[in-house]
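Record features (TrEMBL):
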DOMAIN    10-55  domain 'DUF1648'
TRANSMEM  5-25  transmembrane segment
TRANSMEM  45-66  transmembrane segment
TRANSMEM  78-103  transmembrane segment
TRANSMEM  109-126  transmembrane segment
TRANSMEM  155-173  transmembrane segment
TRANSMEM  179-201  transmembrane segment
Amino acid sequence: MKKYFIQVTMILVTLIIGFIAYPNLPEQVPLHWGLNGFGNEVHKLFMLLFFPTLMAFTHVTISLLLKGHKGIRNQKTLLFIDNGMLILLLILQLLFLASGLGWSLNQNFFIGILIGSVTLLIANFMPKSKTNFLFGLRTPWTLKDERVWLKANRFSGKLLFFVGILIVSLSFITPKEIAMISLILILTAAFIATLASYIIYRNIKA
């Protein structure tokens with residue numbers, strides 16, 4: 001329990017915040033998520049339980065994965081993913097609750113900032129990861145050769161860092177379309193990184 005004190009605390013804080021906000025929420029809470037401000041509504045009880053439940057599931061899953069990956073670097077990476085996901089879900093819950101309470105927030109802007117920030121964090125950790133089947137640029141070529149893994153993940157880290165900066169910047173300029181822009185940028189980066197891993201593999205094996 002002590003080992004995961006921070007993670008368990010974050011889950012409990014999310015649950016407590018939900019209980020505090022619950023009496024003041026309307027029966028149906030607006031949930032805005034989409035490419036152009038798409039919105040729908042969920043029952044406030046769903047909003048109360050959804051994020052803590054998802055956080056608990058995420059934490060338990062990653063905790064189980066940690067037992068099978070003893071490498072120090074990979075364990076640090078998994079712990080980073082665990083903490084990062086919990087923080088992200090906590091912030092998302094706050095945004096949706098604020099919307100339900102009638103606060104005027106540009107959710108698309110904040111979601112864009114979150115996506116960009118997570119992309120930057122992932123970019124920071126990719127070059128530091130060792131070959132594994134959980135995190136990093138996992139292609140048939142990177143998994144075959146440690147040298148390909150290192151070079152491809154270093155390249156991917158730099159590419160994702162650029163994408164993250166771009167997403168954060170565009171969140172200020174065009175928040176309404178930032179979800180679609182983020183999706184296009186991340187998919188493009190994934191394609192380029194995959195192609196780069198193949199080219200690196202061919203060059204090393206040549």
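Every residue gets a Cβ built from N, Cα and C, even glycine.
The model shown is predicted, which means the values in this text are computed figures rather than measured ones.
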Stretch in 5-25, 78-103, 109-126 most in contact with the transmembrane segment (155-173), if contact is a CB pair under 8 A: 109-126
Confidence summary (mean pLDDT) of the domain 'DUF1648' (10-55): 78
